[in-house]
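The following features are taken from TrEMBL:
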DOMAIN    B:40-560  domain 'Cytochrome oxidase subunit I profile'
TRANSMEM  B:20-41  transmembrane segment
TRANSMEM  B:62-82  transmembrane segment
TRANSMEM  B:102-127  transmembrane segment
TRANSMEM  B:139-162  transmembrane segment
TRANSMEM  B:189-215  transmembrane segment
TRANSMEM  B:227-255  transmembrane segment
TRANSMEM  B:287-305  transmembrane segment
TRANSMEM  B:348-368  transmembrane segment
TRANSMEM  B:380-404  transmembrane segment
TRANSMEM  B:452-473  transmembrane segment
TRANSMEM  B:493-518  transmembrane segment
TRANSMEM  B:597-619  transmembrane segment
Amino acid sequence: MKEKVIKSLRCLAFLAVLVLLLPALSGCSSIAVLDPKGPIAAQQRDLMFLSTVLCAIVIVPVLILSAVIIWRYRDKADRKAAYTPDWAHSTKLEMIWWGIPIIIILTLAIVTARATYALEPSKPLESKADVKPLTVQVTSLNWKWLFQYPEQGIASVNELKIPQGVPVRFEITADSPMNSFWIPQLGGQIYAMSGMAMTLYLQADETGQYWGSGANFTGTDFAKMFFDVHAVTAEEFTDWVEDVKKDSPTLTLDGYKQLAEPSASEKLTYSSFPEGLFEMTVTKYASSHHHGMSMSGSTEAHGDKPMSSDDSGHGDMLKSGDQSEHGDMRMSGDQLEHGGMSMNEGSAH
Amino acid sequence: MLESIKNWASDFFVTGDPLIYGADAAIIITLVAIVFVLTYFKKWGWLWRNWLTTVDHKKVGIMYILSAFLMMFRGGVDALLMRTQLAMPELQFLQPDHYNEIFTTHGVIMILFMAMPFMFGLFNVAVPLQLGARDVAYPFMNALSFWLFFAGAMLFNLSFVIGGSPDAGWLAYPPYSELMYNPGVGQDFYIWGIQISGIGSLMTGINFIVTILKLRAPGMKLMKMPMFSWSVLASCIAIIFSFPILTATLALLFLDRYGGAHFFTLDGGGNPMMYINLIWMWGHPEVYIIVLPAFGIFSEVVSTFSRKKLFGYKSMVYAMMIISILSFLVWAHHFFTMGSGANVNAFFALSTMVIAIPTGVKVFNWLFTMFRGRISFESPMLWTTGFIPCFVIGGMTGVLLSVAPADFQYHNSYFLIAHFHQVIIGGVVFGYFAGLYYWWPKLFGFKLNERIGKWAFWFWNIGFYLCFMPQYVLGLDGMTRRLVTYSWDKGWWGLNLVSSIGAGLMGIAFLFQVWQIVHGIKHYRSNMDTTGDPWDGRTLEWSIPSPAPHYNFAVLPQVSDQDEWWEEKQRRQKEGYTAVAPELSPIHMPNNSGIPIMMAGCWFLAGFGFVFHWLWLIIPGLAGVALCMLAHSFNYDTDHYIPVEDIKHTEASLRGAANL
């Protein structure tokens, strides 16, 4: 019986190792995060490998040691292994296994701390060719992504086009529950939160098609918040901008309100958008009451100037409509119960 | 009239989903069957006197564990539904909203209504016995804790047939959990279910701290206390500091939803980030709260089944206490990507990594307890050997997650899902199983079938690795959590399919365990534990007969060593040992009380009233709670003495005459 158990244990260990090796065997190149296409994702992958190796220094011996000890000291009729029922303390040994993890964690801590500052998402990317970064303003809507190109004056939904080799400065907010903006092959995610504009610098080193998604749950059609990312050459990008300017409809304020209604969306492009739409979206959540919103504090941590709630003359345009919707909902709980709600009834049940 | 009743009913009850109609039918059939059986066999009185009103910690413990198993079934069915939906791309098995409800209830139930009661059950079962105590410090409060947990759990569970389940995730982040995005009653069920059971959790924390500090047998210094009791102390300290945070947080969310406050909404000057900070200030210690007792169990089991003293006892104690304190300093690692800035992220990354050190030390100590021991592989030890590789790998991925800049890629992905299931299943669930199999004979007086247990073990383990190892890869391939479905072109289907098959194997493993228990009850006569010490144990609970008499110890033991019962057995084998017949004296015991269950019932009604905003139910419910308190304050008939004759009689029937 006991032999059988041990045998099975060995099988289990083997299986575990096999499954762990699966990604390595199947080739990392097909796994998004391990196949970076930009400097941020590349550094993050290196950090992942480095931390894995550091951890493995402890983990692998422990796994081997466990297997050996469990095998050697199992109870069987003719066992020859030593048995010392009262041996329960050894300062030397305990020094070793308090000491080694401390050294490893210390090393990892130094690596991590340095990388945390180096990879701070709002830190501008150093670009060799002195290229001016492209700004893209990202808004998470229910349940779609709106990308605005303030310098080009165009906008798109669920489709992001960026020039290859150019740092992109993403300014990210939400006009919906909090989401998280993530393009695995270009670099790690950051939350999209209403009332704040988060900054994330990413860059695509190669042309190609990637994809991004919303990583933080936002309700019914959350699973439809995938978007395509095309990294193209500078010329292609300029062509695309011109095409969009020529052929696409404009995004009006009313159009935005419609877009912001909860529903999934196809890919769309717009030849223009209302001036200051992004700033308006950021500030409308903060400007209805001046209760010392912590917005400024949290964005300042990025070294990023918050959109001041005072200069948002246009913020009021959206505010009134928005307030009557949200404000009323909050107040009249009874009304909600009896189906007086329109917006989210579907999602609640 | 009829029309309006119909409308109300279709609003009140959850309709339109065949799965839920099936559940409705199952619930009604089960209830009818229970009532029928109890009436037919005339067991209502027995149930009331022996179980519903009991203040005996062992029985309370059994009720906790039974409830935990039921909840594990519910949470497990949720898990299987999700894995079925995700097995292939673009499946239409579950609609998005239904799926969202299912992952929310799966998370809440597994952590708060499965792990927590399972843990409290093991506290109740083992701690007083290990300490050589006759009861917990506050037996009435202990029963009340259980019934409050039960009322809260039932309130929460009711949501899926009445009113609709919560769907905002297990931690209910605002603004999504606020009224504007989540107007149904599900979120209120969440708030009140957790609030009511949370009161019980806090009281249990207090109860066991006092029990451990005040009721140890004479001579048992803290540094001679069994390791499981140490782990309970560490866990309870974390409970009393963290659960009030949860209570306050949910109360504020309730005020937002019910009273139009704006604590967590941006308009009105609140901030969702405040909620996220608060909920994780509870949430992170919570995972250590549930895993520390598992560490305690492993320590007991490793030492017992290696027939060797626990290696590095002091190290273990310090490691546990350090973990308990550090668990409060790491909460922000749950939102590294929320823009806290490099200073904050660096601090929380480092404080998170540091926990790996004491945890690693514990693993080494367990290994060196086995080193030069004589290991036998009965169920509890089997689960412990399964735990070590699983937890070590899970711990490593935890360290990987704590590397803040890399976490930008892991966060919210399946990598994270795989990590926490690995530490929670590998650490907590395997640990509690080890504990359950370990103390089972002490509770019920018979051993469970080992063969069926081994089948369960292997199905659990193989299922586990098949289920969660692919999820690490899926996470690295960009698959995010809480997705209801995914398209073919992502190339995720193969690994998802494997993962779903693994989940199915774990489901089968659970059935094996149920079978094992049924089999055990059926054949209990052939597996009786007549010695009271079936594992050749080391601590005091093994010195008394199985099942333990309701007063636990006829004579309070005098403790002089760390593994007192083991040492006592050694002493008895020495020559010249003469047994001294102990002097019996009447034992002081608390009376049973119906107030805990009634008070919890009143809380349940009040909670239900709060969920539906029914003032006419809230007021009588809360009044009932107050009346129960009053009734208990003016009850002076709370205790009794067991006469010496009765003790002698009980001991004789349990041990065989004159073998005290």
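Cβ coordinates come from backbone N, Cα and C, glycine included.
Note: TrEMBL annotation is automatic and uncurated.
Contact between the transmembrane segment (B:20-41) and the transmembrane segment (B:380-404) is not supported, since fewer than 3 Cβ pairs fall under 8 Å when only residues 6 or more apart in sequence are counted. Where the transmembrane segment (B:139-162) meets the stretches B:62-82, B:102-127, B:227-255, B:348-368, B:452-473, the count of C-beta pairs under 8 angstroms peaks at B:102-127.
Tertiary proximity for the transmembrane segment (B:452-473) is limited to same-chain residues at least six positions away from its ends with a CB under 8 Å from its CB atoms, namely 83, 379, 382-383, 386, 390, 397, 414-415, 417-419, 421-422, 425-426, 430, 437, 495-496, 498-510, 512-513, 515-516, 519.
Remote same-chain partners of the transmembrane segment (B:227-255), defined as residues 6 or more beyond its termini with a Cβ less than 8 Å from a stretch Cβ, comprise 119, 123, 126-127, 130-131, 172, 174, 177-178, 188, 191-192, 194-195, 198-199, 201-202, 204-206, 208-209, 212-213, 261, 263-264, 275, 278-279, 281-282, 285-286, 288-290, 292-297, 299-300, 303, 310, 313, 316-317, 320-321, 323-324, 327-328, 435, 539, 610.
Remark: the transmembrane segment (B:493-518) contacts the transmembrane segment (B:62-82), by the rule of 3 or more CB pairs under 8 A.
Residues 19, 51, 93-94, 99, 102-103, 105-106, 109-110, 113-115, 117-118, 120-122, 124-125, 146, 149-150, 153, 157, 436, 443, 503-504, 506-507, 510, 514 of the same chain lie 6 or more positions beyond the ends of the transmembrane segment (B:62-82) yet place their CB under 8 Å from a CB of it. Per-residue confidence over the domain 'Cytochrome oxidase subunit I profile' (B:40-560) averages 95 (mean pLDDT, predicted model).
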